[in-house]
Amino acid sequence: MQTKYIFITGGVCSSLGKGLTSAAIGLLLEKKGLRVSMLKLDPYLNVDPGTMSPFQHGEVYVTDDGAETDLDLGHYYRYTNSFLSKASNATSGQIYNTVIKRERHGDYLGKTVQVIPHITNEIKQRIVNCGKQQENIDVVLVEIGGTAGDIESLPFLEAIRQFTYDHRNNCLNIHLTYVPYLKAAGEVKTKPSQHSVQVLRGIGIFPDIIVCRCEVNLSDEVKDKISLFCNVNRRAVIEEKDVEHSIYEVPLDLHKQGIDALICELLHLPNPSINLSEWEKILETIKNPKGTVTVGIVGKYVQHQDAYKSVFESLTHGALAAGYKLQIKRFEADKLPLDDNQLAKTIEGCDGYLVPGGFGERGWLGKIHTAKLCREKKIPYFGICLGMQVMAVEFARHVVGLNEANSTEFDPDTIHPVISLLSEQRGLQDLGGTMRLGAYICDLKLHTKAYQAYKSSQISERHRHRYEFNNTYKEQMEKAGFVVAGTLKGENLCEIAEVKDHPWMIGVQFHPEFKSKPTDPHPLFRDFIQAMIIYHKSQHGK
């Protein structure tokens, strides 16, 4: 069978949920026994999002091979079994950089290098390459970032037009659009969607399926109108209403409307019935939880919805595994009082606290005092990346007695550099793509909470950092009750730390949130939630 290609574009406005829709479609196709490969094309000129502010871009999702990618790849991972790598995300910056390097090398033999055909050819090659990451890929699902009509998106849309023409019997175009509801008029308006489709048709792309993001149910009359003016079959007008309970409703809702069957019909793919009972069970747990646990997130970017997207989702997965509902409280670390009593009052009401990764000194002390509170009050604490470094420095200052302990990231001249720059990072000039990135093997110490969670002596986790725990202080810290529970294979670098005689206080240098699924929660998030439930019951008796 020839490989099929599905292109998903967006119209009217951004942030409609193309990534979620793409992931949900990928899941449904996999349930039909198809092998799916996912690709995100981003029109921005950055080579990757690694140096972009979380306030602008949201989180940076890291793959096993060390690619810093768009957060939509996190959705792909959580919903599908698609293999994700550097080939799963391409930006304008990468594509232009590749073409310019070839021109400098003389690969174009003196030709004038242009957007068409050189840039568009490179885009098409990236699409083909994505389908070759693994053998026997049946469907390549390509999400195009941005909105129809954006100047930055034009080369990508032109490349898709050409690709669809070249593979006309093996391509499908899905357009995700917004159908607004005007409360004052009490009406749903289809005109923005009509114009969005007109933009695509003017480029030469003719959508086969229209997915309509909306706040209210669309009447048959509205769907008929969209079908008529957008020139698609009535069955191909799919409603994607705001979810009531969870984003994990999306694949179930799309399946009920038959989008997976329609895709298989249009692409002449096998169309067996599918079993979504696992996802139905997840939704049932969300609707009828045993109870509620509350986690406090103490970080720099907590007010941005997507800055810690994978962390929030992984916590939800852990709660689902226990049959509980998760409530999240967000605390901006730089605004927390540093007095212990005032801090306890400010962040009270949580069953556990998580300090996620981040860069920069802002909020550093607020995080340290949060870790101190958790250690002293025996409250569950989970530190990720910088959160582990916070835990180490707090322990060094307040337990070991190294009052000047710090990270050289914030105080290069500290007399007690408990956290220091990785040796391979010294002397680097560029910021982009130069951190320790991707999957590394970690050896776990027996009889630790980390070992109990993983039930394995060796694990693989993904990294994104420049600084590490300084082994000069290891013996001194361990004598005081600091446990190095996991180390980098072949080296003695601290990957996991625990506090002895604490119910659950763990810090990890890696990013476990990148390897958690609703159907397969990460063991550390699962056990963190369990520790929170135990703490909640000890405080409230239920």
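For all residues, glycine too, the Cβ spot is worked out from N, Cα and C.
Per Swiss-Prot, the feature active site, nucleophile maps to CYS385; the stated evidence is sequence analysis. Taking Cβ-Cβ distances under 8 Å and a sequence separation of 6 or more, the neighbours of CYS385 (active site, nucleophile) in its chain are PRO356, GLY357, GLY358, ARG464, HIS465, VAL508, GLN509, PHE510, HIS511.
As annotated by Swiss-Prot, active site applies to HIS511 (among others), with the evidence given as sequence analysis. DSSP classifies HIS511 (active site) as coil under the three-state reduction.
Per Swiss-Prot, active site is recorded for GLU513 (among others), and the stated evidence type is sequence analysis.
The UTP binding site annotation in Swiss-Prot covers SER14, LYS189, THR190, LYS191, PRO192, SER193, GLN194, LYS225. Around the Cβ of GLN194 (UTP binding site), the number of neighbouring Cβ atoms within 10 Å comes to 16.
According to its DSSP assignment, ILE151 (CTP binding site) is coil. Cβ contacts within 10 Å of ILE151 (CTP binding site), excluding its own Cβ and spanning all protein chains shown: 8. Annotation comment: Swiss-Prot describes SER14, ASP150, ILE151, GLU152, LYS189, THR190, LYS191, PRO192, SER193, GLN194, LYS225 as CTP binding site.
What Swiss-Prot lists as ATP binding site is SER15, LEU16, GLY17, LYS18, GLY19, LEU20, ASP72, LYS241, ASP242, VAL243, and the listing cites sequence analysis. Counting Cβ atoms from all protein chains shown, ASP72 (ATP binding site) has 24 others lying within 10 Å of its own Cβ.
Look at ASP72 (ATP binding site): DSSP puts it in a helix. Per Swiss-Prot, the feature Mg(2+) binding site maps to ASP72, GLU143; the stated evidence is sequence analysis.
Less than 8 angstroms from the CB of GLN389 (L-glutamine binding site) sit GLY383, SER407, ILE419, TYR467, PHE469, GLY507, GLN509, each of them six or more residues away in the same chain. Annotated L-glutamine binding site per Swiss-Prot: GLY358, LEU386, GLY387, MET388, GLN389, GLU409, ARG466, in sequence order, evidence recorded as sequence analysis.
Annotation source Swiss-Prot lists domain 'Glutamine amidotransferase type-1' at 301-538, citing sequence analysis.
Sequence annotations record features per position, and here Swiss-Prot assigns region 'Amidoligase domain' to 1-269 based on sequence analysis.
Whole-number maximum of the Cα to Cα distances across the CTP-binding residues SER14, ASP150, ILE151, GLU152, LYS189, THR190, LYS191, PRO192, SER193, GLN194, LYS225: 30 angstrom. Ranking the binding-site residues GLY17, GLY19, PRO192, GLY358, GLY387 by C-beta neighbours within 10 Å puts GLY387 at the top. THR190 (UTP binding site) sits 17 Å from ASP242 (ATP binding site), taking the CA atoms of both as reference points.
Per-residue pLDDT, averaged over the region 'Amidoligase domain' (1-269), rounds to 93. Candidate binding-site residues: SER15, ILE151, MET388. Nearest to GLU143 (Mg(2+) binding site) by Cα distance: SER15.
Each of GLY357, PHE359, CYS385, VAL390, SER407, ILE419, HIS465, TYR467 belongs to the same chain as GLY358, LEU386, GLY387, MET388, GLN389, GLU409, ARG466, is absent from that list, and has a C-beta within 8 angstroms of the C-beta centroid marking the L-glutamine site.
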